[in-house]
Amino acid sequence: MASPMRSLLADLDRYVQSFRVFLERSTEHQSMQEFVERHLPDVIASIGNGKSTINVLSVGGGAGEMDLQILSKIRARYPGVTINNDVIDPSADQISKYKERVAQAPNLENIKFTWHKETANEYESRMNAEKKTKKWDFIHMIQMLYYVKDIPATIRYFHSLLGSQAKLLIILVSGESCSPQHCSSGWETLWKKYGPSFPLEDLCSYVSSADLPRMLDSAGLKYQLYELPSHMDITSCFSEGDKDGELLLDFLTETLDFAKTAPPELKRQVMEELRKPGCSEIRDGKVFFNNSLGVIVVEP
C-alpha cells in the first residue's frame, strides 16, 4: 500500500507555519546575525567600489529578516549609494510579511525593493526568455538550495550573474567536511539515514555545506567557508499531540503531518534518532537539536 505521506511543500501555508516555529525554537537567525556582524563587513568590503548603484539579489528571501540586516551593513559600508534589492521568493505570504517589515523599518532611504513571486528556477527561465543578463554586486541564497532541482546548475547560473568585485553568499546546514573539532549538524545525521524514507517528490533534496566544495571545485570556483554553531529546542516534538512539536517534526522531515501519516515503525525510529548524540544533546531534560550552519562565500 502506498504511504499516505506527502511532502511538506505540497502545502505552502503549513510549510510557512512550521518554518516560523523552527525560527522561534532555534538560534538560526542569531547565528546568522553574528555572522553578519562579525564577517559580512569584510565580505562586502569591495563590492561597491567606485559604484553609484549597488545591485543586490536575494534568492529565497523569505520574510526579509536576514535581508534587512545584510542591507543595513551594505548601506553602512557605502553611505549615500543607491541599493537596488531584488527579492525572489515563491511564497506570497512570505513576500507580504517582507513588505510589512520594510514598511515598518527605519533607515531604508536609498534602498529600492522589487519582489518577484517565483522560484529560483522560474526566475532563471524568465530571464532567459527575456534574454536578460543583469549583473549583480551581491547575491545571497540563504537556506534555499534544498528546493532547486539541479543544485550545481543553479549555483553556476547565479554565479554567472556576478559583477567583477561581486560575491555570492550561500548558507546551508553544516555537513561533515568542515574540521576535526566540528561535528556535522543533526540534519546531516537524520537525512543521510532517513532521507530516502521521506516523501520528497522532487520538491526538496538534502544538501549540506559539505557537498558544496566538491561542486565548486569541479566548476573551478574560489570560495571561503565559515562555520556557525546553532541549536534548536525540539523537546515539544516528544509531547504527543503538541501542535508546535508536530510542526517542528514536519519541518525536520519535510513531511506534511509527519506525526499522523508516517508509518509507525518509521516514526519510532526517527523519534529515537532525534534523541541520539548524532542529532541532539540532552541538557536539563530538554532536547537540543544540532542546527549548525555552513556559510560559503563564492568569488566572481
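Placed from the backbone N, Cα and C atoms, the Cβ positions cover glycine too.
Copied over from TrEMBL, here are the features:
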BINDING   GLU28, ASN291  substrate binding site
Neighbour tally for GLU28 (substrate binding site), based on other Cβ positions within 10 Å of its Cβ: 22
Spatial neighbours of ASN291 (substrate binding site) that are distant in sequence (at least 6 apart) but have CB under 8 A: SER26, THR27, GLU28, VAL173, SER185, GLY186, TRP187, SER230, HIS231, MET232
